């Protein structure tokens with residue numbers, strides 16, 4: 001069903017960041033003395049004899065993984081292995097949703113990735129004194145739960161003990177699954193679980209046949225779930241003693257499809273939404289079903305938003321025109337003169353995912369349909385004096401742009417791992433990457 005690709009194999013099959021050129025006809029491309037290397041920047045024209053290869057020295061860890069069907073969405077699962085982990089080998093658990101050709105073949109994938117070691121720089125890399133096990137292959141274990149319809153989005157409920165996940169199905173239903181037993185079976189010897197028999201513990205049917213992508217669990221109050229659809233409706237589902245219950249009346253106010261939802265990291269009753277109507281709205285569940293604040297945030301569809309988890313007055317948004325912005329919710333947000341505190345136009349295609357670092361409020365990860373995953377440090381400011389004399393191509397690069405990760409086709413979603421410090425996961429049409437760059441914290 002799925003497997004890790006060999007991260008130490010043919011380097012031409014991995015991330016595309018370094019251009020290797022062969023300017024002389026008949027030159028041996030493998031001859032290190034003859035081959036010329038230069039850094040590749042997105043948008044640069046490739047020469048006839050140029051190929052892109054990964055520069056493994058830019059990564060502390062880099063692994064690729066394929067599953068049977070592409071996944072539009074995934075989420076990391078919490079574990080009991082500790083927080084702020086930096087040592088190798090690393091272990092991670094995640095859940096992802098498939099987009100199978102036939103609707104009845106869709107699966108909710110539950111994955112354990114272990115023995116993930118540091119990336120070896122080249123064939124001659126040796127570290128005899130290291131206990132990192134560089135020669136050990138990473139291990140992928142998986143279980144799958146049948147799912148009716150393709151999965152547009154998967155979100156894990158924050159919980160210290162259980163593993164509850166919600167899925168947005170293309171059928172119009174939002175399903176809630178308890179996969180706790182399946183996750184435990186990876187690590188408890190003798191525990192056998194028939195994952196084929198796992199059924200939704202609750203289904204939100206209020207959206208009718210309208211599908212959606214917007215989905216978020218509250219971090220301030222366990223069990224509260226928001227779901228938004230292409231018909232402009234947002235529904236709130238609350239936990240009960242034995243199950244869940246969805247409000248009959250939806251939140252209304254958007255004029256087009258609700259694209260993303262985010263609960264406030266600290267306020268139990270406050271959430272934000274974004275829409276193809278180009279707005280971001282702030283809501284309070286105590287004040288009825290109408291929004292409290294609204295801003296025309298972009299000149300095109302607003303695809304994604306993310307609420308900073310440590311500095312709760314900051315929010316990021318990404319739009320269809322490739323622009324992403326940073327908002328300070330204290331600065332007249334909702335008034336006619338609301339402006340973003342920062343705006344960036346680096347990506348050349350729609351922004352598909354955006355997420356602040358879980359511990360560092362100035363770090364941001366962004367992905368686009370231009371096959372780029374970029375890392376940004378918003379605390380960096382442009383230094384005009386230092387830039388004097390620097391080549392104009394470099395001057396065009398925003399000083400806040402720290403890293404460009406490439407090699408995946410059609411990147412759909414990215415997440416920082418909340419327990420593996422500086423580790424990022426991404427899903428695309430050609431599989432998953434999980435990596436840590438040398439400059440990530």
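Easy rule for this one: first residue shown is 1, then count along the chain.
Heads up, the Cβ atoms here are built off N, Cα and C, so glycines get one too.
Curation plays no part in TrEMBL annotations; they are all automatic predictions.
Worth saying up front: this structure is predicted, and the values here are computed from it rather than measured.
As recorded in TrEMBL:
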type	residues	note
DOMAIN	50-116	domain 'Histone-binding protein RBBP4-like N-terminal'
REGION	1-30	region 'Disordered'
REPEAT	251-293	repeat 'WD'
REPEAT	295-330	repeat 'WD'
REPEAT	344-386	repeat 'WD'
For the repeat 'WD' (251-293), sequence-distant contacts whose Cβ falls under 8 Å of one of its Cβ atoms, 6 or more beyond its ends: 212-221, 224, 226-236, 299-310, 312, 315, 317, 319, 327, 329, 333-334
The repeat 'WD' (251-293): DSSP-derived helix, strand, coil residue counts: 3 helix, 20 strand, 20 coil
Same-chain residues at least 6 beyond the ends of the repeat 'WD' (295-330) whose Cβ lies under 8 Å from its Cβ atoms: 219, 256, 259-260, 262-267, 272-276, 278-282, 338, 340-356, 358-361, 364, 366, 368, 370, 378
Long-range Cβ neighbours of the repeat 'WD' (344-386) (under 8 Å; 6 or more residues past either end): 42-43, 84, 301, 303-311, 314, 316-326, 398-416, 418, 421, 424, 426, 428, 437, 439-441
Whole-number mean of pLDDT values that fall within the repeat 'WD' (295-330): 97
Helix-strand-coil residue split for the domain 'Histone-binding protein RBBP4-like N-terminal' (50-116), DSSP-based: 6 helix, 38 strand, 23 coil
